[in-house]
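**Q** One structure follows; several queries about it will come next.
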Amino acid sequence: MGVSTTPPRLLLPPLLLLLSTLLVPCAPSVVEEHRLSAMHGSVRSSGYPKPYPNEARQTWRISVPSGYRVRLQFTSFDVETSFGCEYDYIKVEVTNEILGQFCGRENGNTAPKAEPMVTPGNVVDITFVSDFSNDERYTGFEVYFTAVDIDECEEYARVDELACDHNCFNYPGGFQCSCQYGYVLADDNRSCTVECSNLVFTERQGELSSPDYPRPYPRALQCKFTLRLEEGFTFSLAFQGPFDVETHNEIDTCPYDSLTIRSGGKEWGPLCGTTLPDPIETRGFEVEVVFRSDTSGQNKGWNLRYTAKSIPCSHVTAPVHGSIEPVQATYSFKDEVVFSCDIGYRLIQQEDGKEVPATLQVECQKDGTWSREPPTCRIVDCGKPAQPNKGFCGSPDVTTYKSETDCGCIDAYHFTTEMNGVFICNESGHWTDPRSGEKVPKCEPVCGEPKHVIMELSRVVGGRSARPGNFPWQVLVKFMSGRMLGGGGALLGDRWVLTAAHVVEDYAANETTVILGSMKRVSLNDNLLGSTQHYTVDKIISHPGYDPKSTGYDNDIALIRLAGDAVTMTDSVRPICLPTVVAGGRVNPELSPNDVAFVSGWGRTAGTLGARLADTLQYVDLPVVPQVECERANSGKWIAELNTNSTVTENMFCAGYSEGGKDSCQGDSGGPIVVVQDTKWFTVGVVSWGMGCAKPGLYGVYTRVDKYLGWLRDEMEKNAVKSDY
């Protein structure tokens, strides 16, 4: 048991020694096992501070929470000394690693040092063993244990496999790693990585790289990039330096970090190291790029440029008299070409010879063919020009783009818009007037131009007869009831008749007949002689403001729409003109006092009761009366038909002579009062009412047409007959 200053032990004879050996028990006299789990505490030898027994074996397993270590501080130590501490000893170990085996007295070479001992983990085993005899009394030991927090952030920073990638925060019993913005913490709770899985790119060209390239890529990456286009494309991949993916010095299968590329059933990789990989030509229209990194390393990563490739289509050129867009040296899958023709030409499909409206787009297909055959350009052909109603157009031998033809209207008609009659075949395939843009020339009756202008003046009451063609707009309005007087009217255009509302107020359209071109009336049966046109009526439109019971003859104006075909113009049938509104809202011709106007009709030729109707169309010239005189002379007179006194409104005017003798009369109602301006005749009024006929101091009263121009045009447009256009 080593050198001792105590007397030598008694030597027994062999027999007695054998006997004593047989009498020694096989197990230690003291055997103890302890498990301690606490933040602090103490451990003592058996019987401490009294001498510990022989043949003792005591063990303590001390554990503190994870994230802590165990600090041991011996406060008393007195154990038998021996060489190598083989007799009595205290052993401190962690997971089969002996941290120390101690014996002797305090401050001895084999005793624990005065400084505390800190274990590397949170569990430590302490074992105390004494042999079968001690010549002296030894008191044993006492040791205090305390849980000590670990600063993992500082300790692990020096160990790459344990350190936090970005940020580390220590707390009692543990630590926490966190990542910078844009990164996520990996499953190992210390590595910072980025989300780069299932990223799909559909552009035909671009670049791919490891995250943060060319800075070191994050750890614990599981990246998957997919390049995807339509079937018919393939990809060319070209790596660009630097290329730096962590590798193994001895193993060439890239066990740490790796880049793998797959496409069309073929795989490239795994790739790692610093040698730039060769360019890759894929066989498919989809490429999968997989990049993985482990939890260590500081490598720059990789970068590649990808470009889509496809089968080229045959070269196309612009057709004659046409163009294509875009113009390229080559065309490949998905490229599009738009064909168009010069102005005056049309695209023609080669497949069926049909025209294409404006442009034709063709696409290069995945098999290298175009989606359609390239078209050709053909000059626009307008064909033979249509013959306008009441007009004519020439029949040119050439009818293609920019060809010309002359058009015109028959006698008594003219174009509806101002033009010289030259029509040109335009780019849309229509004959048009270059100034107005009108596609089909339209002819309408010439208004206010009688074939025979009156040469002398006469009277309606006691007047002289008109000659054929003097007043071709004059019409006779008759009714099925056979009323002798009937009424007059004026032809407007080739469909409408202007008359007075009081003439038609008691009759429906189907009871009304209009006669044009008549000069003579014979017998009381109203038989007509001359070149006449008879028309039925399908619509009568009286002014909505006409109400004789409340307003007298105010708004005494109406329109009659002729049924059947439009009126055919002759020498004896032509329309009158309505006044027009010119700049500043002024009406032309403007009605002024003393203007000479003309009234025509078949009314009574005398103002006496029972006077006969005129056999022949009569006319008379009448001066326009100043409005003040008109109102003075004609207002306040009793009108038996209306059972009220007469009123002259702003919608009326007077014409006649103060001495009488010339006037319109019963039977002339509804007929026009007209004026001539520069050889053009206009209706300025409608025969409406009067106090007798041609009496001194009294005048005939007329509805003023210029007050109703808007209403007249609106009603004729709203109720136009479509077949006339």
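Positions of Cβ are set from backbone N, Cα and C atoms, glycine also.
I grabbed these lines from TrEMBL:
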- 1-28: signal peptide (SIGNAL)
- 26-148: domain 'CUB' (DOMAIN)
- Glu80, Asp88, Asp131, Ser133: Ca(2+) 1 binding site (BINDING)
- Cys85-Cys103: disulfide bond (DISULFID)
- Asp149, Glu152, Asn170, Tyr171, Gly174: Ca(2+) 2 binding site (BINDING)
- Cys153-Cys168: disulfide bond (DISULFID)
- Cys164-Cys177: disulfide bond (DISULFID)
- Asn170: (3R)-3-hydroxyasparagine (MOD_RES)
- Cys179-Cys192: disulfide bond (DISULFID)
- 196-309: domain 'CUB' (DOMAIN)
- Cys196-Cys223: disulfide bond (DISULFID)
- Ser209: phosphoserine (MOD_RES)
- Glu246, Asp257, Asp294, Ser296: Ca(2+) 3 binding site (BINDING)
- Cys254-Cys272: disulfide bond (DISULFID)
- 311-379: domain 'Sushi' (DOMAIN)
- Cys313-Cys364: disulfide bond (DISULFID)
- Cys341-Cys377: disulfide bond (DISULFID)
- 380-445: domain 'Sushi' (DOMAIN)
- Cys382-Cys425: disulfide bond (DISULFID)
- Cys409-Cys443: disulfide bond (DISULFID)
- 460-717: domain 'Peptidase S1' (DOMAIN)
- His502: active site, charge relay system (ACT_SITE)
- Asp556: active site, charge relay system (ACT_SITE)
- Cys630-Cys654: disulfide bond (DISULFID)
- Cys665-Cys693: disulfide bond (DISULFID)
- Ser669: active site, charge relay system (ACT_SITE)
**Q** Using the Cβ centroid of Glu246, Asp257, Asp294, Ser296 as the reference point for the Ca(2+) 3 site, which residues of the same chain not in that list have Cβ within 8 Å?
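**A** For the Ca(2+) 3 site, the extra neighbours are Arg219, Tyr256, Ser293, Thr295, Gly297, Asn299.
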**Q** If I count Cβ-Cβ pairs under 8 A between the domain 'Sushi' (380-445) and each of 26-148, 196-309, 460-717, which range comes out on top?
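**A** The stretch I would name here is 460-717.
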**Q** Can you count helix, strand and coil residues in the domain 'CUB' (26-148) using DSSP?
**A** 3 helix, 65 strand, 55 coil
**Q** Using C-alpha positions only, work out which of the recorded positions Asp131, Cys196, Asp294, Ser296, Cys377 is nearest to Cys153 (disulfide bond).
**A** Ser296
**Q** Look at each of the disulfide-bonded residues, Cys153, Cys192, Cys223, Cys382, and point out the one with the fewest other Cβ atoms around it within 10 Å.
**A** Cys153
**Q** If you measure from the CA of Asn170 (Ca(2+) 2 binding site) out to 10 Å, which recorded positions from the list Cys164, Cys192, Ser209, Asp294, Cys409, Cys654 are inside that radius?
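**A** Checking Cα-Cα distances against Asn170 (Ca(2+) 2 binding site), none of the recorded positions falls within 10 Å.
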**Q** For His502 (active site, charge relay system), just give me the three-state DSSP call.
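**A** Once the DSSP labels are grouped into three classes, His502 (active site, charge relay system) ends up as helix.
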**Q** Per DSSP, to which secondary structure element type does Asp556 (active site, charge relay system) belong, with helix, strand and coil as the options?
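**A** Once the DSSP labels are grouped into three classes, Asp556 (active site, charge relay system) ends up as coil.
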**Q** List which of the recorded positions Glu80, Cys192, Ser209, Cys313, Cys377, Cys425 have their Cα within 10 Å of the Cα of Gly174 (Ca(2+) 2 binding site), in sequence order.
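**A** Cα filter at 10 Å returns nothing.
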**Q** What is the nearest of the recorded positions Cys313, Cys409, Asp556, Ser669 to Cys179 (disulfide bond), using the Cα of each?
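**A** For Cys179 (disulfide bond), the spatially nearest of the recorded positions is Cys313.
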**Q** Which of these recorded positions is closest to Asp149 (Ca(2+) 2 binding site) if you go by CA atoms: Ser133, Cys164, Cys168, Cys196, Cys341?
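**A** Comparing Cα positions, the candidate nearest Asp149 (Ca(2+) 2 binding site) turns out to be Cys168.
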**Q** Give me the count of other Cβ atoms within 10 A of the Cβ belonging to Cys85 (disulfide bond).
**A** 20
**Q** Which of the recorded positions Cys103, Asp257, Asp556, Cys630, Ser669 has its Cα nearest to the Cα of Cys168 (disulfide bond)?
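**A** Among Cys103, Asp257, Asp556, Cys630, Ser669, Asp257.
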